[in-house]
């Protein structure tokens, strides 16, 4: 029998409390359409679909001719499937975790350390930082997606300091005035003043910030009830986050961080030391394999204030600069590449129009994971032996240097995403 190097996967669903509920969740919809036997609980959250080899969510191989039960076990026994460069660079490990997220309530404001800091944190505090790897991430919107990412332009933060007295009281006049004066300064002066202001907020005493937050929420609520415009205080977002995380310091972070709105197909890349949070919507996510997270708020979990304030990238930039645009492949007009400035992963969006009935998923020198978002096809490959039925929610593992032919049966084409590592 020829070696099986392309096969379907059954992937792990994480039911974190912040996920969208039951059939509202894209994760649940993908699960239901890919597995007719799946029972979707209408009252339970379906937050994340994990496609990869993470020990807390190793994908199960759906081919009983393969002796290994999970993708992680199979790659460990067949490391050549990764591709020669990937195998060598990442010590025989799949270097990325591919996900779908369905976000109903905000995830914590967080940042991820670079490799150097990750190594130090892991050595000092392994209970909080479980590995020594960096964790760059990329989110690609499947539905309208709301997130926060990076520090706002200083002019916007200064405007909030002048319009939101509770925010100014928390930062203090001295730090606020320093930031106001820094607008004319060189970038280093701006970053230094921004660091002082953000650190003042993060280190404020709990009673102080809870009192200021309660005053702010009361004032905004009264203004909303009176029909006033609260956009100058980001009133709508403040009340949304406060309803989810009452008394949380993260509610004030909205005055520092950009609000980023992504339409389907748009993405944002979250590099090392970039403060960010996902607020609402469904997205594809790809990330390096790590669990290292330094939290800043909107969470009941451990907040490492000192590490956070030291590590952040305090370079202000407009929200438009956070939207990461894909490039159309020169070789295949159906493929759009989301290729971030890190070696660990690249994501391809493959949009096959209805006019095409036979399409080749091309061979690349990297293992890849393919997810079907819409459309149906029969897949064939010399490395798969038998035909594979692909429908919405199907996930396929494709070894390096293997191709898959798709015989499309859907009338409206197909939309697929493929995670890989292009070194």
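Including glycine, each Cβ sits where the backbone N, Cα and C put it.
What TrEMBL records for 6-154 is domain 'Phosphomannose isomerase type I catalytic'. Positions annotated as Zn(2+) binding site by TrEMBL: 110, 112, 137, 276. According to TrEMBL, the domain 'Phosphomannose isomerase type I helical insertion' annotation covers 170-257. Residues annotated as active site in TrEMBL: 295. Residues or ranges marked as domain 'Phosphomannose isomerase type I C-terminal' in TrEMBL: 337-377.
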- Residues within 8 Å of the 110, 112, 137, 276 Cβ centre (excluding the Zn(2+) site residues themselves): 111, 135, 270, 274, 275, 293
- Task: Please list, for the domain 'Phosphomannose isomerase type I C-terminal' (337-377), how many residues fall into helix, strand and coil according to DSSP.
- Result: 0 helix, 21 strand, 20 coil
- Query: Who sits close to residue 276 (Zn(2+) binding site): which same-chain residues at least 6 apart have their Cβ under 8 Å from its Cβ?
  - Reply: 109, 110, 111, 147, 148, 149, 150, 257, 268, 270
- Please compare the recorded positions 112, 295 by how many other CB atoms fall within 10 Å of each one's CB, and tell me which has the fewest. 295
- Counting across all protein chains, other CB atoms within 10 angstroms of the CB of residue 110 (Zn(2+) binding site) number 24
- Here the 10 Å Cβ neighbour count for residue 137 (Zn(2+) binding site) comes out at 22
- Between residue 137 (Zn(2+) binding site) and the residue listed as 'active site', how far is it from one CA atom to the other, in Å? 15
